[in-house]
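Engineer: Once you've had a glance at the structure underneath, I'll fire off some questions.
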Amino acid sequence: MATKVSGGKDGQKKPATAATNLIAGGGAGMMEALVCHPLDTIKVRMQLSKRGRVPGQAKRGFIRTGVEIVQKETALGLYKGLGAVLTGIVPKMAIRFTSFEWYKQLLANKETGVVSGQALFLAGLSAGVTEAVAVVTPMEVIKIRLQAQHHSMADPLDVPKYRNAAHALYTVVKEEGFGALYRGVSLTALRQGSNQAVNFTAYTYFKEWLYQYQPEYVGGNLPSYQTTLIGLVSGAMGPLSNAPIDTIKTRLQKMKAEPGTSALQRITKIAGEMFKQEGFHAFYKGITPRIMRVAPGQAVTFTVYEFLKEKLEKSGPSVITGGRYEE
């Protein structure tokens, strides 16, 4: 199956502009973060956990991990690192949707405007790598440092090393240098690239199939429940394909750099120690909360994005449709 790049002809809608992607993508990302961040905190704690290395020491599932966070650190502990996420979510989503549309048009057949399945996959892959390098990697480093702290949010005397996102950013750069913000950039790019390649390709195919069976919606938006459903299914596919990458990335970004060792050496060391000491299953730690976080997160993102994009295109033509006021 192939899709046609929107261009305002033959009943096709024009591609969303950068202004639309900034507002609609940012709004969708903020909603997704607020709804799903607690599951991300649980996932990170599970991936960082060394339980199971000692014989007889029971492993913790995602429910028990979540309960222990709430008991020891209050419910606010589930939202550690949210500030870093909210700071980066608007540019992240704007870059994701804008770059995907740009890469898609770049890879389209120049004569017919048709985008093949391979081109869709490559456009999603490129969009994921772009957002990883531009925004996601520094945001992830700060977020993980905050989420890894086990202090109680209710005890004012329990002062953590990193007080908030801004303080964590300052401390990391001061103690470890600016380069520390890009620790694990290769793994982050690989994770984000594979995520968005699978995500956008599956979502686009599902959307095209629904339009084929429901021609009355062609040229407009699908019902919100259908957008939510296909976003949920496509969102679950990425984590299943790259769970080991995400687990290694989390451990790499939590630790400080070791002098004299390259990123590849650290990655190899982490992977080797995990396999030897914790077994193959360790690479899939946190997969349950990750799917529970990413799948509904993508459902929320696509649903809110499509909704806001439609409202913006109807209400703000001078800015949204590429008029002379657009920057």
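Note: Cβ is positioned from N, Cα and C throughout, glycine not excepted.
Pasting the feature list from TrEMBL:
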type: REPEAT; residues: 16-106; note: repeat 'Solcar'
type: REPEAT; residues: 118-209; note: repeat 'Solcar'
type: REPEAT; residues: 222-311; note: repeat 'Solcar'
Engineer: Mean pLDDT for the repeat 'Solcar' (118-209), as a whole number?
Structural biologist: 89
Engineer: Take the repeat 'Solcar' (16-106) and count its residues per DSSP category (helix H/G/I, strand E/B, coil), listing them in that order.
Structural biologist: 73 helix, 0 strand, 18 coil
Engineer: Helix, strand, coil: count each for the residues of the repeat 'Solcar' (222-311), based on DSSP.
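Structural biologist: Residue counts in helix, strand and coil order: 77 helix, 0 strand, 13 coil.
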